[in-house]
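According to Swiss-Prot, the protein carries these features:
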type	residues	note
BINDING	C332	phytochromobilin binding site
COMPBIAS	1-12	compositional bias 'Basic residues'
DOMAIN	227-406	domain 'GAF'
DOMAIN	621-692	domain 'PAS 1'
DOMAIN	755-826	domain 'PAS 2'
DOMAIN	903-1123	domain 'Histidine kinase'
REGION	1-25	region 'Disordered'
Amino acid sequence: MASGSRTKHSHHSSSQAQSSGTSNVNYKDSISKAIAQYTADARLHAVFEQSGESGKFFDYSQSVKTTTQSVPERQITAYLTKIQRGGHIQPFGCMIAVDEASFRVIAYSENACEMLSLTPQSVPSLEKCEILTIGTDVRTLFTPSSSVLLERAFGAREITLLNPIWIHSKNSGKPFYAILHRVDVGIVIDLEPARTEDPALSIAGAVQSQKLAVRAISHLQSLPGGDIKLLCDTVVESVRELTGYDRVMVYKFHEDEHGEVVAESKRSDLEPYIGLHYPATDIPQASRFLFKQNRVRMIVDCHATPVRVTQDESLMQPLCLVGSTLRAPHGCHAQYMANMGSIASLTLAVIINGNDEEAVGGGRNSMRLWGLVVGHHTSVRSIPFPLRYACEFLMQAFGLQLNMELQLASQLSEKHVLRTQTLLCDMLLRDSPPGIVTQSPSIMDLVKCDGAALYYQGKYYPLGVTPTEAQIKDIVEWLLAYHGDSTGLSTDSLPDAGYPGAASLGDAVCGMAVAYITSKDFLFWFRSHTAKEIKWGGAKHHPEDKDDGQRMHPRSSFKAFLEVVKSRSSPWENAEMDAIHSLQLILRDSFKDAEASNSKAIVHAHLGEMELQGIDELSSVAREMVRLIETATAPIFAVDVEGRINGWNAKVAELTGVSVEEAMGKSLVHDLVYKESQETAEKLLYNALRGEEDKNVEIKLRTFGAEQLEKAVFVVVNACASKDYTNNIVGVCFVGQDVTGEKVVMDKFINIQGDYKAIVHSPNPLIPPIFASDENTCCSEWNTAMEKLTGWSRGEIVGKMLVGEIFGSCCRLKGPDAMTKFMIVLHNAIGGQDTDKFPFSFFDRNGKYVQALLTANKRVNMEGDTIGAFCFIQIASPELQQALRVQRQQEKKCYSQMKELAYICQEIKSPLNGIRFTNSLLEATNLTENQKQYLETSAACERQMSKIIRDIDLENIEDGSLTLEKEDFFLGSVIDAVVSQVMLLLREKGVQLIRDIPEEIKTLTVHGDQVRIQQVLADFLLNMVRYAPSPDGWVEIQLRPSMMPISDGVTVVHIELRIICPGEGLPPELVQDMFHSSRWVTQEGLGLSMCRKMLKLMNGEIQYIRESERCYFLIILDLPMTRKGPKSVG
């Protein structure tokens, strides 16, 4: 179907069962599938070639049956050589290969002499030695100016970025697009006839093509997010509008390597191909590799006879044509095109970022071929190289947009999976295991399937389309017999997986994924055969098409695909297997924990490890950050959640004339910025406090003092949300750069004030690097600061193309995506749409990486007509770059901590359920009174821990919206639970605990949130024990209750609780964190601060009192007294 298509059937590459595992296993599996497909491709190619040599018709149906046969290694090598070094080109252009050092011709196409008018017949006066042959100096074939251009191109580092080069034949004067690329033995020059003889028109045409691509890109970027179908529909319309092909389609490659037409724009009278699925071998792996190397492929006329390439006999192997725009199509593909009535085609590769394993190698290896955008035409069609180049830019933008949409879809899917897993685990532990099948959500909601089942303790719980109980028992016996040492199994074909009873299941159950929970308990997911889900919107088979099963045609491709997937389900995707594997691990751990008795010890060990991990690193990062802020030569300031200054470094104080002391507490918006910047500053704050961090925003700061009167300071800032340990936003930090000098110059420059040349070429350090473009994106200005920044002189740069030639070849960019973005910015500016502070990075002449901000404005003449663009570059100071690096390091560490915390909160639930279950078993036994009290204390601690990890949202505590869960409880039970939490620490430190608590407290029943009160008191007591003198020290708990009757016969218990220790007590910074700081310094301080706020929510209060020889917490709390006792524990 698409360019590079060959024969039309693939033996399914995942026929054997695969064990469920991680994405790394899945990646290796995908590689093995691709390698296996190479064999199938080579076999089909050999069958096609043999049929041609023997004069027999290539029987499509018979070829389908032979793809499973093995292929000798030499046959695969021959096949790959044929694909990559076929020795023929298309006749719409000619090709010359040259030795790079000597310019000597080493190969040429047989039509080159005629096309370049070099034959003696066409030029009778031509000397024989000038006729093109092996060894000819290629420069003698073209005009002197053309030769100079070729010499310059040969010296370029990235030669392809200079394409196309406009050159003329020496003898005829005919113009050509020269498209150059390097191969292993030299440089290949593809020559395509140009349609105009004016080079200026050629450049203008190229720019016009780019403008059309930019317009299409802008349309793509304006689409609403979350709709990949709309994105694909839009891109086919844009490509068809750009190129004029009769039909344009988007092909998507699925994980099992087969393809599908997911979008189509066509002439109304053509048969639709939307919805067509085709076998993996329709586009062989070798062709897919070529698309990653050469992302645009044009076939002008499939009926045209390919032209042979003649080469130097000293070359060891045929010339590599992988990167050639003229490479001839393979015979089977040309035949396929002819059969479907498509004479010409254009194929554009859609490249997106690969997965983590693919990205290890970096560069092109980190990119993945997602699919193709293909244009078909019913007559001969050729589009010039500049337009094809513009289409390539459009594909890069489409790939970027698609990548973002795929990442968003993946994140939403992952959230759904995590939520479903959590609900299933909770359901399993709260109820009975069959609940994950019988209730909602069920295990069918985890992955796409037609049925699912649980086999638990010999009982069968089916849901949806599933085998019968007798059949599932047979499957379980087969699994234990042949896959007993595995942790799971997945297959899209039970017959191919070797299950002997597959025939009895029919088409209803073809694919199966199974997860072993224990050696006797299993989870199953089932899928029916694929064909029932796939429909093609194309025309029905016509009775007159008698050879339809044998001819290579889209309809026969679809038929072949249905044959391939017969008795198969859709394959289990990597993400689906990861979800199943994750649920399996969680359930296995849950089953074990419910049976184990030492779960509590595991929880404590895990929590202890979590508490210590990473603290030293975070402290180090925090100290480094503070030092950088204080000493930086970049202006840095910070505000709290109300927008008031709480950080103000020396540089911003110097710029504004406002000292640190004067700035503290002032409103950034109302006191420190100009009126015209107030809206911008308010938006910055609003977004940052919601977690959206704006970058490169310009604000105008006021200045104070006699010397600063009526001056303004312009700073470009990045807004960074300041977060506490639990990821709550507590303020905003602004890391800025002073651009006042550049701003003044730029304003004068744009308004054509002052002496133009004096401004541009001034060596004054306040003059920023400036370059300019004419209407055709050629460089027309390159100032002194730009020379210093890049290492390239004005004379070397002016007149060259900014996109590709300057930024691309001279100043290398990081990949084609960066060039696409730069091209869009430049064309937008020429079109009147200014771009401000665009992140722009490149390598200078010496290979140093330069990170900058690019501002592009339209350039007008005295009459107001647009004549190009001005571009200004701002460079971040070293201090700012270091500050940003440290900020990213801190964010990464905080994110890592958050992930670990989320993991702990999730994983700790199962051991806690195990403790709860153990407690419930103990309650049913004969216990002494003391044992009952211990059990009650254990249950109280377990409830406290469950509530902490369930309600971890500190923001609700901060703003006073935490929901309290009130109940009746014994006050004595709370005290016992609180004391139990410090007993181990007391023993370790050798500290004595003194309890001065009235006996009646034990049976006093009150009403309130027992778990929160217990949490608060335990934290205060724990911190006092931590800082008590050791050894031989002591801590005293002194409780004084009093009864206060109020209206309606209700009595309130007024509690005064003192926690006392001798000596100095808590460190001052801990007390500071507890009472005053919104940006805590210590973990203990955060805990005490949260507990103080929780106590306040319960209408209580806390004081910390330091006396000469002792210190103590004084906790005051009023709780309503109740007459009935609390419900039984458990």
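First residue shown is number 1, and so on along the chain.
Note: Cβ is positioned from N, Cα and C throughout, glycine not excepted.
When pLDDT values are averaged over the domain 'PAS 2' (755-826), the model yields 81. Neighbour count (other Cβ atoms within 10 Å of the Cβ, all protein chains): 22 for the residue listed as 'phytochromobilin binding site'. Per DSSP, the secondary structure of the domain 'PAS 1' (621-692) breaks down as 42 helix, 12 strand, 18 coil. The residues of the domain 'PAS 2' (755-826), classed with DSSP into helix (H, G, I), strand (E, B) and coil, number 27 helix, 15 strand, 30 coil.
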